[in-house]
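Trainee: Copied straight from Swiss-Prot:
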- Asp12: active site, proton acceptor (ACT_SITE)
- His40: active site, proton donor (ACT_SITE)
- Asp12, Gly39: Mg(2+) binding site (BINDING)
- Asn37, Ala38, Gly39, His40, Thr129, Arg143, Asn221, Thr236, Arg300: IMP binding site (BINDING)
- Gly39, His40, Ser41, Arg302, Lys328, Leu329, Asp330, Gly412, Thr413, Gly414: GTP binding site (BINDING)
- Val296, Ser297, Thr298, Gly299, Arg300, Lys301, Arg302: substrate binding site (BINDING)
Amino acid sequence: MATIILGSQWGDEGKGKLTDILCPSAEICARSAGGHNAGHSIVAQGVSYDFHLLPSGLVNPKCMNLIGSGVVFHVPSFFSELEKLEAKGLAGVRDRIFVSDRCQVNFDLHAAVDGLEEVELGERKIGTTGRGIGPSYSTKASRSGVRISEVFDEAVFERKLRQLADGYRKRFGDLLKYDVEEEIARFKEYRKLLPNYVVDAVKFIKDAQDQNRKILIEGANALMLDIDYGTYPYVTSSNPCLGGIITGLAINPRKIETIVGVVKAYTTRVGDGIFKTEDEGEIGTKLQDIGREWGVSTGRKRRCGWLDLVVVKYSAAINHYTSLNLTKLDVLDTFPTLKVAVAYKDPATGEELDFFPADLSLLERCEVVYKEFEGWNTPTTHIKKFEELPAQARQYVEFIEQYVGVKVGWIGTGPDREDMIYR
């Protein structure tokens, strides 16, 4: 049976910690979408490991790991990440990682194009990580990309990559700083190494599910960055939602047991795009400092603000969570008053929206309707039992459950793996 961990906001919710906790009981850990733009850290036996492209199930020596068909696969990052894990003493990683032969290859060409497209957009830039994720998915959708399976046919590979580079050069001219022959030469070496890792992922997952193996699926990014359901166009270029998990891994939906939505106890966002509860003053700065809000992948500081339950309720309607993992509750310990967004009010009509609209111009003009809570002003760090939380903290958690309609099954109360309440 499969357990799925999904981000319910704009990413950086703390999915990695729950993945780390659940990994020891998993036989397979898989990723379904995105690329090396994602990022989180896992602490195992006192050592911190950074993961971007690779599934974090690699910290479990008994767990096999799969990069699914929906991922855009940057080959240099794959090998460099493996090397970094080995350098930190993680044993046997090369024997426990597999890649779908249907993955699209994310070339350095795509990263070069990513930067040029952001410049082209000017003030309307998306705020991407610059890792070529969007251009990779664009070439996939236009059917001009290269699949991993095609890397092994040298003639086909070179023809398709040259065509891709020629097309971009016609568009950008001398602004495109990229040497296609250099990339082709690098892939001559990768072609020798990749066969050890590439598998038919459809058969891999089918066999695993037929044998009732325990599969843990870690979502990258989050629902509000989904290409269809997020704050378009300020989104990623894949589907980091439940639907994307099913298509990206060919998972049998009837064999999904648990879907966990990970929710930070406040809200953060990296890059541009609408963020109704953002606080650019003292509150936002305090959340940023206490929560250590800067990205693993980019180092960029995260925008911070109050918890937006309209967003969480919307994501629950799409991802159908069976439970929530509320993270970083302890970050709120010193706030005398807390706020959560429960609706958006259109000042033109007076109408209150309790569901996230597609029309961002409507959202822009809306005012946030907040519910205030009394803070608890006492440390919650390292607390392991719900009953030991201050009454105000319990009230905060219970209101989230009531509003979203999903039970909070886990509550993070600190940075360590052990700092988790189970309910």
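Heads up, residue numbers simply count up from 1 along the chain you see.
Cβ coordinates come from backbone N, Cα and C, glycine included.
Note that this is a predicted model, so its numbers are computed, not measured.
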Trainee: Quick one: pull the CA-CA distance for the residue listed as 'active site, proton donor' versus Asp12 (active site, proton acceptor), whole Å only.
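Mentor: The separation of the Cα atoms works out to 8 Å.
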Trainee: Secondary structure at Gly299 (substrate binding site) (DSSP, helix/strand/coil)?
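Mentor: In the DSSP reduction, Gly299 (substrate binding site) maps to coil.
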Trainee: If one measures from the C-alpha of Thr129 (IMP binding site) to the C-alpha of Asp330 (GTP binding site), what distance in angstrom results, rounded to a whole number?
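Mentor: Between the alpha carbons of Thr129 (IMP binding site) and Asp330 (GTP binding site) there are 29 Å.
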Trainee: Since the record lists Asn37, Ser41 as binding-site residues, which of them has the fewest other Cβ atoms within 10 Å of its Cβ?
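Mentor: Counting other Cβ atoms within 10 Å of each of the binding-site residues Asn37, Ser41, the minimum falls on Ser41.
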Trainee: Sequence order is fine: just name those recorded positions in Asp12, Lys328, Asp330 with a Cα within 10 angstroms of Arg302 (substrate binding site).
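Mentor: Neighbours among recorded positions, in sequence order: Asp12.
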Trainee: Tell me, how many other CB atoms lie within 10 A of the CB of Arg300 (IMP binding site), whichever protein chain they belong to?
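Mentor: The answer is 13.
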Trainee: Where's the emptiest Cβ shell within 10 Å among the binding-site residues Gly39, Gly299?
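Mentor: Minimum Cβ neighbour count within 10 Å, taken over the binding-site residues Gly39, Gly299, occurs at Gly299.
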Trainee: Taking Asp12 (active site, proton acceptor) as the reference, which of Gly299, Arg300, Thr413 (the binding-site residues) have a CA within 10 A of its CA?
Mentor: none
Trainee: If we check Cα distances from Gly299 (substrate binding site), which of the binding-site residues Asn37, Lys328, Thr413 wins as closest?
Mentor: Asn37
Trainee: Determine, using Cα-Cα distances only, which of these binding-site residues is closest to Asn221 (IMP binding site): Ser41, Lys301, Lys328, Asp330, Thr413.
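Mentor: That would be Ser41, the closest of Ser41, Lys301, Lys328, Asp330, Thr413 to Asn221 (IMP binding site).
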Trainee: Could you list the residues of the same chain, at least six apart in sequence, whose Cβ is under 8 A from the Cβ of Lys301 (substrate binding site)?
Mentor: Gln288, Glu293, Trp294
Trainee: Output, ordered by sequence, the same-chain residues six or more apart from Asp330 (GTP binding site) with a CB under 8 Å from its CB, or 'none'.
Mentor: Pro379, Thr380, Thr381, Gly412, Thr413, Gly414, Asp419
Trainee: Between Arg300 (IMP binding site) and Gly39 (Mg(2+) binding site), how many Å separate their Cα atoms?
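Mentor: So the alpha carbons of Arg300 (IMP binding site) and Gly39 (Mg(2+) binding site) sit roughly 12 Å from each other.
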Trainee: Roughly how many Å lie between the Cα atoms of Lys328 (GTP binding site) and Asn37 (IMP binding site), rounded to a whole value?
Mentor: 23
